[in-house]
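**Q** Below: one structure in structure tokens.
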Amino acid sequence: MTDQSGTIESHPLRAGEDPTTYPPTAEFREQANINDPSIYWRAAEDPEGYWAEQAQKLSWTKPFTEILDWSNPPFAKWFQDGELNVAANCLDRHVQAGLGDRVAIHFEGEPGDTRSITYAELTHEVKRAANMLTSLGVEPGDRVAIYMPMIPETVIAMLAVARLGAAHSVVFGGFSAESLRARIDDAQAEIVITADGGFRKGRASALKPTVDDALALHGGGSSVQKVLVVERTKNDISMTEGRDLWWHEEITAYDGEHEAKGFPAENPLFILYTSGTTGRPKGILHTSGGYLTQASTTHRDVFDLKPETDVYWCTADVGWITGHSYVVYGPLANGATQVMYEGTPETPDWGRWWSIIQKYGVTIFYTAPTAIRACMKVGRQVPEQYDLSSIRVLGSVGEPINPEAWRWYHEVIGAGTAPIVDTWWQTETGAIMIAALPGLTSLKPGSAQVAQPGIRVNVVNDAGERVERGQGGLLTIQRPWPSMVRNIWGDPERFIETYWEKFGDMYFAGDGARVDDDDGDVWLLGRVDDVMNVSGHRLSTAEIESALVEHNSVAEAAVVGATDETTGQAVVAFCVLKSQQTALTPEDAEAALKAHVAAQIGAIARPRQILIVTELPKTRSGKIMRRLLKDVADGKEVGDTTTLADTRVMSTIQEQIRVP
Ligand code: PRX
């Protein structure tokens, strides 16, 4: 389906799909990093050889001789006898190559303050921070929690931890004290790096008080010895004597001399917590050599990065995997120049992102469909006021991009010419797995399309057999890949159970998918488990349900992901109140419970709607039928109710609630 003319072709249409495909223009193809389609079959013939070739592009202090050890599945080891320093790969080697004056980060604070930091400066700061952390007792293998806004010190902190061979656990700044504490405890972090606050939506949003609250929970005793505080917003905070230290005061004692040691390729690099099907978040463990190999390879090839000339911008927060792989490790390992923006897209107005693109001449822009839909709602007249002509590649991540949003993104932001790479991957995969290569692929709006070279995916039925083309099934990944999750921190059984038990040696992603009839492109169909996708963030129904039933007025709760025009899905909860609470008006109960969920988990988990009902629909064996509740929340006709213990429940519920 690819041709060189840049003309638009058609492919066989299925319900709701856009029939148009967008081949690369001859001009784009010509200059693309990857423009020889034989890469796919060469990598398929020898995936290990392909990945070893990519790994060689990094600097190893001790070269590896073994590529993959899969002798104890599902515990993979990549390049295990090799040694490298991840931070030095992102910093020192660029300086040594004479690129020290290249800007690594153009930082744009929400209030308008800016800083451009070169690779030489970033290296210097990371070395100082590494010295500071060493004197605070950080050793290889330790865990450091990072709870920060989107500011350069966050990147510096992550790289300083990595430089010492310790592992970071970045906790998104929107998480509550409870969530932060659970993550600190699970990883047994001894140091927390935070800031007084960050700027969001035009005001200072405090962070340090949440750290204080987290550490005061459960009687106060925790693994944390020291809290390092970066000064950003200058809001009033309290400092605990002997525990809390100001970063800017401490750092003055340390110089920029620090030699990076090599660590084994399988040394833990970070833990990142993500929601699963149970109430307890999973600590996804990533290691060093394989992770950096795939993060940098995909960043270079999927975005067609030219580090000498491109200005790259990924809008993700470093609290998520996208921020880890495509703000920190991928771009910096590739020596890219990137924009980092602290705030929200609507501050001071909806032109903010576009003004940043114009100001820095951003050439590659990577964001999420939910943000694109929000901008669409505001209208094209806003971006049209800015010069976005520098843009040459656009990326999308987090959920399937609906064709309408795809076309808007393509036309309004990409001038109708910039290719859009829709990238499917997960916290667990560590890096992009399915995406177009923009110099080769004829783009199809709404499909993530092609497995990356060296990656093999299959869509299978429940029995693990490949489904026919055109049929829906479960997405699996065959063969280990370099940036794959190595374990769930402290819980290898859960690791096996969650991802490997279902199909043996194939990784089960938890997503439904369909393979195209005509050319095998992959279409993602959403989660098949109880994980919701709200604004591209993963939330667990079970985690929100357990927060709700912890509230003293709630007897039972069921949570579903309802379809939402902007956020993809939205959290809708159905609650049965305890009998003594029925005097509460539904409005009061709804407000109190929404606030409770936000306080327990974080504002991202706050339900869009809480419906107070007298009973939940259950099967005879007592299982809540969320499928029926989802129909109600979506305002759809309720599906088959014959397996309910009491078939009248659904009509009672429908009478009780008002769906907006
Ligand atoms: O359901 C898929 C969806 O997001 C899930 C992974 O979420 P998380 O680990 O938070 O990582 C998000 C950023 C990589 C997947 O299981 N997802 C992610 N990207 C896409 C997607 N669904 C469809 N198309 C995508 N491009």
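Note: Cβ is positioned from N, Cα and C throughout, glycine not excepted.
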**Q** GLY398, GLU399, PRO400, ASP422, THR423, TRP424, TRP425, GLN426, THR427, ASP511, ARG538 bind ATP in TrEMBL, but which of ARG407, ARG494, ARG527 does that record place at the same site?
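**A** Answer, per TrEMBL (ATP site with GLY398, GLU399, PRO400, ASP422, THR423, TRP424, TRP425, GLN426, THR427, ASP511, ARG538), from ARG407, ARG494, ARG527: ARG527.
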**Q** Mind checking which of VAL549, VAL554 has the fewest other CB atoms within 10 A of its CB? They're the binding-site residues.
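**A** Comparing Cβ neighbours within 10 Å for the binding-site residues VAL549, VAL554, VAL549 has the fewest.
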**Q** Residue counts in helix (H, G, I), strand (E, B) and coil for the domain 'Acetyl-coenzyme A synthetase N-terminal' (39-90), per DSSP?
**A** 21 helix, 7 strand, 24 coil
**Q** Listed recorded positions are PRO400, VAL549, HIS551, VAL554, LYS623; which sit with C-beta under 6 angstroms of ligand 1?
**A** PRO400
**Q** Going along the chain, which residues six or more apart from HIS551 (Mg(2+) binding site) have their CB under 8 A from its CB?
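**A** Spatial neighbours, sequence-distant, of HIS551 (Mg(2+) binding site): ALA592, LEU593, HIS596.
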**Q** Which residue among the binding-site residues THR423, THR427 has the fewest other Cβ atoms within 10 Å of its Cβ, if you could check?
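**A** Selected from the binding-site residues THR423, THR427 on minimum Cβ neighbours within 10 Å: THR427.
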**Q** Which of the listed recorded positions (ARG527, LYS623) has the least company, meaning the fewest other Cβ atoms within 10 Å of its Cβ?
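**A** The recorded positions ARG527, LYS623 were compared, and LYS623 has the fewest Cβ atoms within 10 Å.
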**Q** In three-state terms from DSSP, label LYS623 (N6-acetyllysine) for me.
**A** coil
**Q** Taking all residues of the domain 'Acetyl-coenzyme A synthetase N-terminal' (39-90) together, what is their mean pLDDT?
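**A** Summarising the domain 'Acetyl-coenzyme A synthetase N-terminal' (39-90) by its mean pLDDT gives 98.
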